[in-house]
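> Please see the structure below; I have some questions.
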Amino acid sequence: MRDVKGGLDPFNSTTGYTRSSFTSIGSFPNAKLLVHCVNAIESNDDTLSQQILWVLNNIAPPDGDSNQRLTCAFLRALIARAAKTGTCKLLPSMESAHCNLAIDTHKFSIIELASFVDLTPWHRFGYTAANAAILEAVEGYLVIHIVDLSLTHCMQIPTLIDAIANRFEVPPLIKLTVAGAIEDVPPLLDLSYEELGSKLVNFARSRNVIMEFRVIPSSYADGFSSFIEQLRVQHLVYAESGEALVINCHMMLHCIPEETLSGIHSTNSNAYSYESSSISSFRSMFLKSLRSLDPTLVVLVDEDADLTSNNLVCRLRSAFNYLWIPYDTVDTFLPRGSRQRQWYEADISWKIENVIAHEGMQRVERLEPKCRWIQRVRNANFRGISFAEDAISEVKTMLDEHAAGWGLKKEDDDIVLTWKGHNVVFASAWLPA
Amino acid sequence: MKREHSNLHPQRFTNPFSLAAGGYSLDSTSTGASTMTSNNGKAKAWEEAKGHQADGGMDELLAALGYKVRSSDMVEVAQKLEQLEEVMGHAQEDGLSHLASDSVHYNPSDLSTWLESMLSELNPNLHFDPSADSLLAPAESSTVTSIDFSDHKYHQQPKLLEKSTSSGYDLKVIPGKAACSQPQIDSRESKRLKTDLYQTSSSSSSPSTTLGSFMGSAESTRPVVLVDSQENGVRLVHLLMACAEAVQEDNFNQAEALVKQIGFLAVSQAGAMRKVATYFAEALARRIYKIFPQNSVDHSLSDILQIHFYETCPYLKFAHFTANQAILEAFEGKKRVHVIDFSMNQGMQWPALMQALALRPGGPPAFRLTGIGPPAHDNTDQLQEVGWKLAQLAETIHVEFEYRGFVANSLADLDASMLELRPPEVESVAVNSVFELHKLLAIPGAMKKVLSVVKQMKPEIVTVVEQEANHNGPVFLDRFTESLHYYSTLFDSLEGSVSTQDKVMSEVYLAKQICNVVACEGHGRVERHETLTQWRTRLVSAGFAPVHLGSNAFKQASMLLALFAGGDGYRVEENNGCLMLGWHTRPLITTSAWRVRNHHPADGAA
């Protein structure tokens, strides 16, 4: 079932990001036109921008095929960008011009969100792999402290509780600490974390598992430094007490600023500090502070793409090269016109707009490729561990429930979810070195 | 002296704004008190008013001239001009010093110098002596019309291509800004050249005194600058109207006296107001002195001016986007398509359409383009050059492309048989005309002929863009008033543009129209703009049926405007399936789409 080739292959994935390969993307004219549009907008060439926007408008209907909808989402993002920068001073008249740029991101109820993440392996892949790794690592502990840094609002936890209840005769005490991020990144939840927590506690009780739930208000803008600080100050982590500490990072760390957004030296946003390797980012600092907690296990799951470039054209190419996947897959699990599909695509649109139209701290979709994350975690003095055979077979079983295009790839210690052979999400497990 | 003023408008007397802000003597006297309640009273009151102001010596000039105006028109124009002036007043903090320093300049920037020289080289009569006599005897200069503009164009060609290829972007193949930066240098050279040729025929070696020549020397105009400019704004409109009326009555002595006064007053104004007044004064002067522009020689200049107009403001872009939208939709699913363009110019409309066709779902059609344009005065084949560039674009974006350029003095010379049309089931035809059809109204029978030729083309769609105004009424004064309104609004909208160079060029582009509307008659008067209502009647009775431009076209036009127009004064509005672009409340251009009524099977037999 793996490595099904074909479908959209907008860029030759082997070409890298050099200027020369860039001109060869003519095979994918929509992307090429988007790039032209970016160049026109960035150089304030209003006439050309208008012409290309007109063309794009006509070739990318919002209700077209997956390729057209993808282009449409990028187009909207470009319009949003043009509306904020360049010569446009006219956001109010944009609204009067019936071009509502606001993306209608849905606020999910818990049930909706749970069934939503079940539709596709996008999140389930990481859940399954992480839960298997966690179960193995916490064997024998009476108290398990799970720090859940996840964008999907603890949707992973019920399955984990279930597995713990089934696996251990005397279930351990579970302490669940979540980062109540103040920023709104989709998917959005329609209830508070306190309410969510009590539901989770009730669910655990129904499985005869005792669970404590705690929310620590935090922000990824500062690399969760206040979050880590609170863990220490409130003495929530006892490295020597025989309590297992699991840090579960599910697609949230890419929101932490990295080097291209030098928050540490933020007085001049243009002074990107690549020149000195001694200057570290919030991202690396966060991993180092995690290491200082001496956790039993760190699981890192994230999307495998590079959306960090400060060059908008590079970012657009990269985003296009990655985000065609959710549009391509959606036909396999959601019918056209369904509300869930609207929610799903609105969330991708949000992501595209964030990557394309925003800059600075507002741009939180700062995905880094797997190789860079691995380097970072290693630099923070962790060592990677392999996923066990039954973890992998569980992931395979899960993938069998989904469309044929999904695949699993093992790369060194890590595993990678693929769609038609393209990397989608990676999962990795780490121990203090 | 006739004094019937059936058109006096009560508003003139009751509008407190014009009373207060204008401070004009006509208003400030007892007329305000005798506010008109009946039509009978108006004329009388008007006479009284004139008497008063004459008695009081408030405006001896006007009184002495005994001019009559249609104040209903004046009020609006005056208000418009006041608004313009206000806008400009804010923009230019150093208004007075600015005015003083260049008060005799015809145009508001130093660019005016070379621009004028360009114009005058093509129309040497423009360079006249301060005295009217020399204006009336321009014979010695009339032979000097051979400025080689095309030569410059020719030389700049390689650069255009170089730029377009190096930019790496397909749509850029047709020069936009690229074409514009070039002529500046060229024209400076040509100016020098021209001046040499010219010195014998014109005593005025300064190219900036076109208006100044009406008024005398620069020094003599300066005191006027110090007069309150708002008051002068209203007076200016009065003078323009009075002058037009004198022209209408063939009272050329009076008209001449008035047009000189307009020159005086115009320089005391700022911004758009001064420019509009100046251009209208120039046009009136041409009419008075019977010095008519020669349209036939300056197509290449027109093209360049049009490119700047395209860049400066959204009107032409709007025209292209909306027409293309209708064409694209009409071509949906067609395998071979053929656009017959009555307004080819630099072909600026087509790259976007070709790009959209190239990427349309289901693959691109074979695209055929027939571009029709006037002959170039130097026998260069400009239409071919444009076609060649479009062919390059077509190759880049993998569209099968076929092109023919047709040189025609008038669209009326065209026959369907020349176009080698294929049967409609093989090839779908769109006929496109942007700012062209109104010119046919100058030639008796031409419109009828062209519309019947269009029908023979069996088009899927006909797209028409026209100025939204009636500048073709039978009465000169009506045309004058209408166009004064119209171009005041247009110039107002231009004030927001960023590039001074583009703006000046656009103003010259429009000034040529003003000149044509006001100064020309008969076959020479080609800017015979008519309103959508008039076009609708004409086209419907010629057997065409309207095609609604979709809401998609409206949304897109609105969006593109909002993004790039650079000012919130522009408005798109829908009018019975047609789209209008205007400035504030005034629609200025209209795009409409048509099909042949009995061509469409859905329509049944007709």
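Placement of Cβ uses the backbone N, Cα and C atoms for every residue, glycine included.
TrEMBL does not curate its annotations; it predicts them automatically.
Quick caveat, the model's predicted, so the values are computed rather than measured.
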> Given B:222-226, B:317-321, B:437-441, which one carries TrEMBL's motif 'LXXLL motif' label?
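It is B:437-441 that TrEMBL describes as motif 'LXXLL motif'.
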> With TrEMBL as the source, which of B:177-181, B:282-286, B:287-291, B:337-341 is set down as motif 'VHIID'?
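That would be B:337-341, per the motif 'VHIID' entry in TrEMBL.
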> Considering every residue in the domain 'Transcriptional factor DELLA N-terminal' (B:59-125), what is the mean pLDDT value?
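That region's mean pLDDT is 44.
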> Counting only residues 6 or more past its boundaries, what in the same chain has a CB within less than 8 Å of a CB in the region 'Leucine repeat II (LRII)' (B:385-417)?
157, 161, 164, 170-171, 173-174, 342, 344, 346-347, 350-351, 354-355, 357-359, 364-376, 436-437, 439-440, 443, 445-446, 449-450, 453, 456-457
